[in-house]
Amino acid sequence: MTRLSLQLIAGLAGQAWLVNSDTPSHEAFASCLSDASVPIATKGTPEWTQHTTPFNTRLQYEPIAVAVPTEISQIAAAVTCAKKNSIPVTAKSGGHSFTSLGLGGEDGHLVIQLDRMYNVELAQNGTARIQSGARLGHVAVELYNQGKRALSHGYCPAVGVGGHAAHGGYGMVSRKYGLTLDWMKDATVVLHNGTIVYCSESEHSDLFWAIRGAGSSFGIVAEYGFETFPAPEKVTNFGIVLDWNPETAPAGLLAFQDFAQTMPSELSCQIDVRSTGYTLNGSYVGNEASLREALVPLLGKIGGHLEVHEGNWLEYVKFWAFGQPNIDITPPADNVHLSLYTTGALTPSLSANQFKSFADYIAKDAIKRGNSWSIQMFIHGGQNSAISGPKITDTAYAHRDKFLIFQFTDFVWPSQEYPEDGLALGREFRDIITNSFTNDQWGMYANVPDSQLSSGEAQKLYWGKNLERLETIKAKYDPSNLFRNPQSVKAAARCATHPLLLQGQCLLF
């Protein structure tokens with residue numbers, strides 16, 4: 001037996017969940033990985049802590065092993081070994097999941113750490129090949145430097161493009177350019193049996209539909225093909241500190257919502273709420289003069305002082321980088337770690353009464369928790385939003401008809417114990433926002449998952465009307481549910497007819 005195989009066995013020996021009559025031995029799994037020359041980290045190896053410390057330290061899970069491929073053949077080999085040994089598989093790109101789903105969301109997964117696969121290559125026709133381990137900041141820098149091109153994506157430069165694009169990809173130019181997944185033209189995917197397939201609108205089109213909104217449930221996306229657009233010459237970022245109190249905030253929020261219904265597509269913005277008060281900030285694709293003109297109908301109604309920062313595309317990306325001096329993030333790279341809880345909602349427009357309840361919650365409940373929480377209310381839709389253009393069924397992303405995105409985050413530093421009341425505080429906020437809507441009127445963004453949802457609740461809220469089709473595609477491409485987490489898409493039941501059964505009945509198998 002090779003030295004690598006012996007090291008793997010030693011690392012796997014402490015994984016008690018493997019020791020049962022239904023699971024092959026540690027030795028079989030270790031030997032398979034060793035024979036395939038898959039780079040692996042196991043418990044006790046120097047890289048283990050870096051690979052397995054989650055962004056959210058409140059939710060810590062222990063993988064059985066972490067594969068660290070540098071090429072797609074190694075991904076396929078690792079998946080094949082896991083399949084043979086009945087071990088669930090999870091992809092981890094940037095590792096920023098709020099619920100540690102990149103580690104499986106539970107113990108015992110083989111994690112495919114993709115961050116060593118981060119190549120970005122721009123073709124002369126403006127299309128780009130981007131490996132799933134690339135961080136958003138690196139993607140932005142490479143596309144700009146290679147050809148002054150850009151891709152619509154979120155604003156945290158350390159987030160990996162793999163999961164970001166697989167479930168949406170909202171950012172501060174999304175109303176102008178749509179979600180990241182809207183620019184996807186193809187993908188290279190490793191399936192449950194180790195097969196490598198190419199999918200697009202014309203090849204494996206059902207799989208291509210599914211990975212644009214629910215990608216992590218269907219395979220390991222090793223590489224994306226994206227269309228890109230010319231990087232805007234000017235993007236103007238802005239902020240307005242709002243002098244609102246509990247009495248004036250509801251009217252201000254309603255005025256902002258009314259303005260957003262018809263605001264130009266070049267404008268993307270959010271209301272940010274913390275213990276220090278309300279702030280409106282965002283970005284405008286264009287120069288400062290055009291931004292000021294666009295905001296004229298709003299400023300007289302909400303008050304506050306406007307501050308602006310005009311720059312080029314990369315300056316826009318740096319502006320939203322939370323003070324990080326380097327946005328061109330490549331491995332080895334570590335993440336900030338927090339102990340946190342997130343929840344949220346995608347909703348239609350809110351009523352005046354709902355905004356009153358929102359403001360009362362801030363003033364009477366959230367403010368008591370000090371300064372560790374934040375709430376963002378993003379404008380998702382509106383008459384001029386590119387996000388709203390496609391139909392709900394055009395991709396697996398099911399929220400094209402929603403107007404607002406809410407995100408609640410409550411955190412402490414990893415050295416502190418997460419407070420018992422934090423979970424309840426977040427759920428109360430979500431209930432205030434959603435309790436006036438029927439279940440089919442609101443949903444949740446899969447890139448802002450809620451750890452407190454059951455599997456059934458999560459699937460319905462993340463994928464809504466598209467869930468049934470996703471379940472059917474799951475049964476076709478991952479019938480054994482190898483790619484899973486506690487909130488992933490589950491395969492539709494397969495059945496076979498039998499002559500003794502009544503019409504419409506079936507035998508499950």
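Cβ atoms are placed via backbone N, Cα and C, with glycine included.
If you look up Swiss-Prot, you'll see 1-21 marked as signal peptide, on the strength of sequence analysis.
Taken from Swiss-Prot, the feature domain 'FAD-binding PCMH-type' applies to 59-231, supported by sequence analysis.
Around ASN125 (N-linked glycosylation site), taking its Cβ as the centre, 8 other Cβ atoms fall within 10 Å, counting all chains. According to DSSP, ASN125 (N-linked glycosylation site) sits in a coil region rather than a helix or strand. As annotated by Swiss-Prot, N-linked glycosylation site applies to ASN125 (among others), with the evidence given as sequence analysis.
Taken from Swiss-Prot, the feature N-linked glycosylation site covers ASN193 (among others), and the record attributes it to sequence analysis. Residue environment of ASN193 (N-linked glycosylation site) contains 15 other Cβ atoms, counted within 10 Å of its Cβ in all protein chains.
Taken residue by residue with DSSP, ASN281 (N-linked glycosylation site) is part of a strand. In sequence order, ASN237, PHE238, GLY239, ILE240, CYS269, GLN270, ASP272 are the residues near ASN281 (N-linked glycosylation site), counting only same-chain partners six or more apart with C-beta under 8 A. The N-linked glycosylation site annotation in Swiss-Prot covers ASN281 (among others) and is backed by sequence analysis.
ASN193 (N-linked glycosylation site) sits 34 Å from ASN125 (N-linked glycosylation site), taking the CA atoms of both as reference points.
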